[in-house]
Amino acid sequence: MVEFCVLFGGASFEHEISIVSAIALKEVLKDQIKYFIFLDENHHFYLIEASNMHSKYFAQIKEKKLPPLMLTHNGLLKNSFLGAKTIELPLMINLVHGGDGEDGKLASLLEFYRIAFIGSRVEASVLSYNKHLTKLYAKNLGVKTLDCILLNEKNRANALDLIKPSFNFPFIVKPNNAGSSLGVSVVKEEKELAYALDGAFEYSKEVLIEPFIQRVKEYNLAGCKIKEDFCFSYVEEPNKQEFLDFKQKYLDFSRTKAPKANIPNALEEQLRENFKKLYNDLFDGAIIRCDFFVIDNEVYLNEINPIPGSLANYLFDDFKTTLENLAQSLPKTPKIQVKNSYLLQIQKNK
């Protein structure tokens, strides 16, 4: 049986969602999770007892006096009256949504300290956290995406002039750097634009404008690469109205099993082929979820979710086996052997 530790929390707008994800994953993996490591908004690490992994505990966590830990090589450092003690960690699951977890900070830190983990590596995190870069990446691979306009604080005042030549009302306003539907809105008329931009700029320094397309079909597909083969979840067709907002995506606790999409085999194969293009080889070591649109029988990438909620376990027929197999197929960074031969040669020639 493979043991795991789960890292969750973080200095992120999705801090609470990460907690919910960790609680949900506990119900799936149960005793396979040896440690729960909580990262607070001040970047302090804490060990949380499994018995405390429930919403009531975290609602009052600021009142708790927990001993902070320090990340070190291969584990965590815990100080006590007997001196410092290293807690060796089993394979870590990065379950920090949004900033810190999905933007590459934690991936960089874990790689630096040589802590083995399941999750997107630095380059994959940085790219997928930026929606505009994701579109450029996808187009370069031959995966279609919706056209967009990128706004920032400098051109924000001229937003309508930039949008009008390309898009009619309604259109979608969304933060460029964000890991969820926070700050996303549909603008149906000109008077709604300023408010929508205010909301989006709260979460990101850049904002994307995309066309809003009526009656678009949306499909989600999760998966990972294990050695040379892909392991896919089934395709989910979200039950939505206009689009999945923050509450629908994250606060629906009944989402233990998602509705399976009733689609032709040919469309499922198209979704899988697009997923493979996006995953290879950038996302090695991670379970990701790709959210697709189907418009006029054409497949478009909506976004790549590098750390889906609870690792999208609800989409897999056998999530535990998938996770255990992935644990045996993680990318390895070769250790550099420093020989100092050049310095020795300098000394020899003196």
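In case you wondered, yes, glycine gets a Cβ from its N, Cα and C as well.
Here is what Swiss-Prot says about this protein:
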| type | residues | note |
| --- | --- | --- |
| DOMAIN | 135-335 | domain 'ATP-grasp' |
| BINDING | 164-219 | ATP binding site |
| BINDING | Asp291, Glu303 | Mg(2+) 1 binding site |
| BINDING | Glu303, Asn305 | Mg(2+) 2 binding site |
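Averaged across the domain 'ATP-grasp' (135-335), pLDDT for the predicted model comes to 91.
The binding-site residues shown are Phe171, Ala178, Glu192, Ile213, Asp291; of these, the one with its CA atom nearest the CA of Asn305 (Mg(2+) 2 binding site) is Asp291.
Within the same chain, residues at least 6 positions away in sequence whose Cβ sits under 8 Å from that of Glu206 (ATP binding site) are His132, Leu150, Leu151, Asn152, Pro175, Asn176, Asn177. Here Glu303 (Mg(2+) 1 binding site) is compared against the binding-site residues Phe171, Ala178, Glu192, Gly199, Ile213, and the shortest C-alpha distance is to Ala178. Ranked by Cβ neighbours within 10 A across all protein chains shown, the binding-site residues Ala178, Ile213 are led by Ala178. Looking at Ile213 (ATP binding site) and Asp291 (Mg(2+) 1 binding site), their Cα atoms lie 15 Å from each other. For Gly199 (ATP binding site), other Cβ atoms within 10 Å of its Cβ number 17.
Sequence-distant neighbours of Glu192 (ATP binding site) (same chain, six or more apart, CB under 8 Å from its CB) are Ser185, listed in sequence order.
Cα of Gly199 (ATP binding site) to Cα of Asp291 (Mg(2+) 1 binding site): a distance of 23 Å.
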